[in-house]
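What TrEMBL says about this one:
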- 60-195: domain 'Peptidase S8/S53' (DOMAIN)
- D69: active site, charge relay system (ACT_SITE)
- H103: active site, charge relay system (ACT_SITE)
- 282-409: domain 'Peptidase S8/S53' (DOMAIN)
- S363: active site, charge relay system (ACT_SITE)
Amino acid sequence: MDRTDALVVLCVLLLVSAFSGGIGYLALTIGESPGSDDPSVVETDADETINTIHEAGITGENVSIGVLDVTSFDIEYPLLQNRIVAANEFGSGASAVDGGDSHGTSVAATIARTAPDAELYLATFETPDDYEAGLEWLITRDVDVVVAPVADAGTLGGGSSQLAQSTTKATERGVVVVAPAGNLGTGHWSGNYSPDGTGTHTFESGSLNKVTGAPGRAEFHLSWEDPDEEYLLELHRINDGGSISRVAQSLPREHGNTPSERLTARLDADNYALAVSGPKRETGTRLRIASATHSLTDNRPSGSIAAPADAPGVISVGAIDSTSDEVEPYSSRGPTTDGRLGVYVVASGSQPTRISPSFEGTSAAAAYVGGIAALVVDASPTLEPNEVRWTITSTAEPVDGIDVETGHGRVDPREAVLAADSSFESE
């Protein structure tokens, strides 16, 4: 019996529902914080600082913004009407305008609220190849800014994945790209493979890494460095009395250039834990487990940055609490595996585009910063992408110095626009 057959039998016998994510094999982590609801979106006003910039005549006019998401858009949403120039879909079943998903619509609405006169190009995708095609479509439409509100949990965070490489190429072709750091902060672990002699990895707490979170859909990714090695992610139920039973195991991801496995399941209120199996010998290979749906008891937030935010040249955005300026626990952190900062700025992880709860997560923060990038381009149209990135990062308000959690600090739209156009202050 091969692994696929074994998994089917296992899931049927134990009544655990393992299923695909509905967005293709790439299984991207869209930017909602764990446990958020899915209500319809509503129109709200921009914040006071943004309104001041608008009143000075800087509204994103003559700037075009592309949104490249795994979810569709509601083109009838009031903030988006008369703003959308074109929409396209890349991949089978990836309809861009099929009535709208709250995530894609909220991203576009946040951008439109921040840069109300910018033109919007909307696109959906499924696989890394589709993502590349979507980027190419946006580049040929001569967009100034691309917001990619996705985070691939099945990458290693070093800028080497297909998503990251294609994104860096886009910045080199003159496009400003903004991406969320990811919502993997509490659901991330990385370390070197260390088996117990039976081919089961040993975490600090033993062979199992306990899972916490609400019942419902769960998704976990396991990735590693060496493509010649094989590892497997297993989900175990912790039964009354302390015994354990395996209820699901991962399957190889079929897209992308990073060796990785993906496990999806629907969890009830029981206790669960993850285990990693691999070679019986100690390989020293770096492993990474990541989930945006659930937290790990043995978690390591450091290095939880995800593609495409780990791509060189991207404006990567983390999320902070707007009241306390504390980094949101779910917000992914740097550094990248090649030693870069990872997170470059942070913004509020709660944007007022929904009824209840608000639009939350690093995608919300990235959408806001994407709108600010459009205002900077409006204020100084000749800026190159690296100059726009520097303008936004260098004017950010430090939270706790420059670090891998908050980057250069909280984005400051007024100071960013002022740096781009010194006449702004007197207008």
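In case you wondered, yes, glycine gets a Cβ from its N, Cα and C as well.
Just so you know, TrEMBL annotations are computer predictions that nobody has curated.
H103 (active site, charge relay system) falls within a helix when secondary structure is assigned with DSSP. Note: the Cα of H103 (active site, charge relay system) and the Cα of S363 (active site, charge relay system) are spaced 9 Å from each other.
In this view, H103 (active site, charge relay system) is surrounded by 25 other Cβ atoms within 10 Å of its Cβ, with every protein chain counted. According to DSSP, the domain 'Peptidase S8/S53' (60-195) comprises 40 helix, 35 strand, 61 coil. Across the domain 'Peptidase S8/S53' (282-409), the DSSP tally of helix, strand and coil residues reads 28 helix, 27 strand, 73 coil. For the domain 'Peptidase S8/S53' (60-195), the model's average pLDDT works out to 93.
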